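Colleague: So that we are looking at the same thing, I have put the structure below in structure tokens.
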Amino acid sequence: MFQVTTLISEIEKIEKDLIQNPPPSETDIEAAKLVVNEKGEAVSQLKSAKASKDNISASVAELKKAKENLLKLEERAKLKPGFPKKDGKIDYGLDFFTRQAFLTVSGQLQVETYVCALSSVYTFGPTFRAENSHTSRHLAEFWMIEPEIAFGDLEDDMNCAEAYVKYMCQWLLDKCLDDMELMAKLYDKGCIERLKMVASTPFKRISYTEAVDLLIEAVKGGHKFENSVEWGIDLASEHERYLTEILFKKPVIVYNYPKGIKAFYMRLNDDSKTVAAMDVLVPKVGELIGGSQREERLEVIQQRIAEMGLPVEPYEWYLDLRRYGTVKHCGFGLGFERMILFATGIDNIRDVIPFPRYPGRADL
């Protein structure tokens, strides 16, 4: 995740300042303390001698000035390059938000706060992933559409995701055919036929276990993958595209993934090995949508957080959604740029967003 902090800019300011004006040495501080002692003794002597009020006031002013100078030197001596630390750890209490903060990877957890009250909700906004992935389908910053449905299970989630993709494909054919014809001329001659196929064809649905079995059979039959295939892996792009482009030649929904490769908030299935998660895979792109039925059982979600070694404190507000009343619900996220990539047939996702940001590139 991308961390948000103002500590680095403060550190840079301090380091620049220390270069221009080096901090005082111990000798400088001891000399300043000696001046304070001398000025203090001078005040005491004047008072003992019953000197005039003006003389005493002038001497007190010099003492005050000496103390202020000592305080400044001591404060400046505390300035050190590097992160401020407390008990050996970075002290985020001095940061802008007074705690660790990160750019969002999803709006899902927040939109779940609305779903029980409003039944059907969604969020659409920028999301950020600090994944060092130099591929034609990954960005560090992209936009995601995330619906959430109350009283819905995994089947409802898959139905909604399939209907949504079909609706978008048909909308492009009905409303933007001229644009699609231009895309067909410039980039991908088959993009219009692909939209028609997706809009009119039922998606294939297979479990994760079935998908892995099919990929293993493909390897036995002579097909070669760069990434090995076994139960428990996170399917690679080449696996997803094999299923959609070679085996079934249409979109595929893969569901019931191993719990070890999915998030803590996905509902644990009765086998205790898989979760009620699903991905919509499409030709040319691979994963277009990722979603799940959410875990509504408090004790189960607490156990999942512990199993994954996550800190509980940042998620207490999310756990409260289960503590104080919830319902069965589900949702998914669709990457907007991946949908454009799929629809137009453009080869690289960096070409479908105005200002692409990816590992090593954040110029704009």
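Backbone N, Cα and C atoms are what each Cβ position is placed from, and that goes for glycine too.
Note: TrEMBL annotation is automatic and uncurated.
The domain 'WHEP-TRS' annotation in TrEMBL covers 28-84. What TrEMBL records for 46-80 is coiled coil. Look at TrEMBL and you will find 121-354 tagged as domain 'Aminoacyl-transfer RNA synthetases class-II family profile'.
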Colleague: Report the mean pLDDT of the predicted model across the coiled coil (46-80), rounded to a whole number.
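Modeller: A mean pLDDT of 86 is what the model gives the coiled coil (46-80).
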Colleague: Is it possible to list how many residues within the domain 'WHEP-TRS' (28-84) are helical, extended or coil according to DSSP?
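Modeller: So the counts come to 46 helix, 0 strand, 11 coil.
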